[in-house]
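A.B. asks: From TrEMBL, for reference:
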ACT_SITE  Asp70  active site, proton acceptor
SITE      Arg14  site 'Important for substrate specificity'
SITE      Thr71  site 'Important for substrate specificity'
SITE      Gln154  site 'Important for substrate specificity'
Amino acid sequence: MVNPPLILASASPRRRELLGRIGIEPLAINAADIDETPLKGEVPRTYAVRMAREKAIAAASSGAFVLAGDTVVACGRRILPKAEDEATARECLKLISGRRHRVLSAVALRAPGGSLHERLSETIVRFKCLSPPEIDGYIAGGEWSGKAGGYAIQGSAEGLIAWISGSHSGVMGLPLYETRSLLAAAGFDLA
Ligand SMILES: Cc1cn([C@H]2C[C@H](O)[C@@H](COP(=O)(O)OP(=O)(O)OP(=O)(O)O)O2)c(=O)[nH]c1=O
């Protein structure tokens, strides 16, 4: 069976790499530029799914599958920002130090006919209690840049993570189990 083309609606090189791990090479990358402001009172899981869905809709292309993802780090009901500067990254690390937080990673698929389907992965992560020198060292390394919650599990932060329950690929940005099952349910041939 020949699949319709698949477009990845993401500027994230990690999402492309993760997709490659399950043998899928997108025909094109069409990063969606959407308003990522959470709605008033919006809870993290609803927000993550809505963002993934809106990215898939924004990159819609007739006759193609469009895949999008969104990864949100949450402390209780609080949605942590994507760290774009050192001060934000530092604030996030102080908040998640020594306690559990959740990583909600949503994936949305727009099928060639226009129907939309989503899946959500939820992972619980616990960092060790971070000392001030550990926080300084992590900040100096710069791996936090552009990452939700101010860290990247795929880098040196893994040495600071005491425990994780859920999906490692989900924390990185694209939950592969959910992605595969979403594609299979929509009739994409993964053979
Ligand atoms: C927590 C965590 C997040 N991240 C990344 C994944 C996402 O790229 C980013 C969260 O932002 P997203 O808005 O999910 O994605 P993005 O802006 O990078 O890309 P696009 O919207 O174009 O698809 O944080 C990691 O790479 N590792 C981690 O451990």
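The backbone N, Cα and C atoms fix where each Cβ goes, and this holds for glycine too.
What TrEMBL says about a protein is an automatic prediction, not a curated fact.
I'd like these features described in context: how deep, what's nearby, how far apart.
C.D. replies: Under the DSSP three-state reduction, Asp70 (active site, proton acceptor) is assigned to strand. Over all protein chains present, the Cβ of Asp70 (active site, proton acceptor) has 27 other Cβ atoms lying within 10 Å.
DSSP assigns Arg14 (site 'Important for substrate specificity') to a helix in the three-state reduction.
In the three-state DSSP classification, Gln154 (site 'Important for substrate specificity') falls within coil.
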A.B. asks: Compared by Cα position, which of the recorded positions Asp70, Thr71, Gln154 is the closest one to Arg14 (site 'Important for substrate specificity')?
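C.D. replies: The answer is Gln154.
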A.B. asks: Measure from the CA atom of Gln154 (site 'Important for substrate specificity') to the CA atom of Asp70 (active site, proton acceptor) and give the result in Å, rounded to a whole number.
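C.D. replies: Distance between the two Cα atoms comes out at 17 Å.
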